[in-house]
Amino acid sequence: MLDIKFLRTNFEEVKAKLQHRGEDLTDFGRFEELDTRRRELLVQTEELKSKRNEVSQQISVLKREKKDAEALILEMREVGEKVKDLDNELRTVEEDLERLMLSIPNIPHESAPVGETEDDNVVARTWGEVKEFNFEPKPHWDLATDLGILDFERAGKVTGSRFVFYKGAGARLERALISFMLDLHTDEHGYEEVLPPYMVNRASMTGTGQLPKFEEDAFRIESEDYFLIPTAEVPVTNMHRDEILNKEQLPIRYAAFSSCFRSEAGSAGRDTRGLIRQHQFNKVELVKFVKPEDSYEELEKLTNDAERVLQLLELPYRVMSMCTGDLGFTAAKKYDIEVWIPSYGTYREISSCSNFEAFQARRANIRFRREPNGKPEHVHTLNGSGLAIGRTVAAILENYQQEDGTIIIPEVLRPYMGGKTVIK
């Protein structure tokens, strides 16, 4: 959520920057109307309440003096009715303004490339050499099915499309990656490990920006009005909702493993095979709470931490600086890390690393004090995948495949795989 005072005094500037996102700003124009009416109603209500108090005191004086107060009593009733009507209108206007504020996306940072679609994203850097095969490489779903380590068909029978059973060495590889990533981020990168709930309430989804705009993308448990988490970002960020932190606590860095659940409502027909786009998948998420002046330095560090996973796995990748039209709803700046997938002949996203500045913190009311009695300020929040496990499995299977259909296990994972060197 944007700062309403900043929006009020910089309306045209904010509008111009939001236009770079390619957003429909039809409703945005209502801000000035609603904000002005709200302030008018507040003034009118306070004036009438003050008058009501004044008349009430006059009535008390007349009654003490045994004088007729009927005219003033009628006047006070009329004032009371007007106050009631204005309070009702004020409540409606404030609710409309709140809904509008929750629907306005974040302002892009000045360093985000201006553009409309993913075609306008900018390559920040690449790492590693794309492997040249002397045979026709297979897609990971064929490799895994032939090896008996992933079972899409039975998962489809048990649940439906976009689900999978991991079996044998496939399950072991998934578990190895989870442990490897958590060990790296906690032991070397300084994050504290968190194992979060997989269900959250509506306030949590609103705090991180999934609601109200993207409710159709979420799995909801209607009987409790809980949501299955689309990412560990949601519960971990909301750990500190409605809290005031001390500056000594910052930066706070969490690494959280969780399963994630997404309806993929807008992805019909895309990536229908394999692990790239599943309704349920595992991920290690990195979440930070930092002082505002440190957030862009911390974004670079967070992105480097996610990159380190791919470097140790020796998987070629590139880092994309996302343009203003491809930032998503909540980010002020975002990097996507894309890993090379041979069967696609291109790079595919395996991590998004974002700086939300105070956008989430304002929605979730997460603040800090620089001094013991100082005025609370909103923290800046950041998060990034470190990494998406299923897509990492897909990248390993495809990049490490051999002509005979076996898979070489990356050296860094072998201690987690019981010393095995090959999946066969």
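Even glycines carry a Cβ here, placed using N, Cα and C.
For Glu233 (L-serine binding site), applying a Cβ distance below 8 Å and a minimum sequence separation of six or more within one chain yields Thr208, Glu285, Val287, Asn383. Annotation comment: Swiss-Prot describes Thr231, Ala232, Glu233, Glu285, Ser385 as L-serine binding site, evidence class sequence analysis.
Marked as ATP binding site by Swiss-Prot on the basis of sequence analysis: Arg262, Ser263, Glu264, Glu349, Ile350, Ser351, Ser352. A C-beta separation below 8 Å, combined with a sequence spacing of at least six in one chain, links Glu349 (ATP binding site) to Asp336, Ile337, Glu338, Arg391.
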Inset, instruction - Name the secondary structure element type, per DSSP in three states, that contains Ser263 (ATP binding site). - result: coil
Legend entry - Which binding-site residues sit within 10 Å of Thr231 (L-serine binding site) - Cα, from Arg262, Ser263, Glu264, Ile350, Ser351: Arg262
Legend entry - Ser352 (ATP binding site) CB neighbourhood, other CB atoms within 10 A: 22
Inset, instruction - Pull out the binding-site residues from the set Arg262, Ser263, Glu264, Ser352 whose C-alpha sits within 10 Å of the C-alpha of Ser385 (L-serine binding site). - result: Ser352
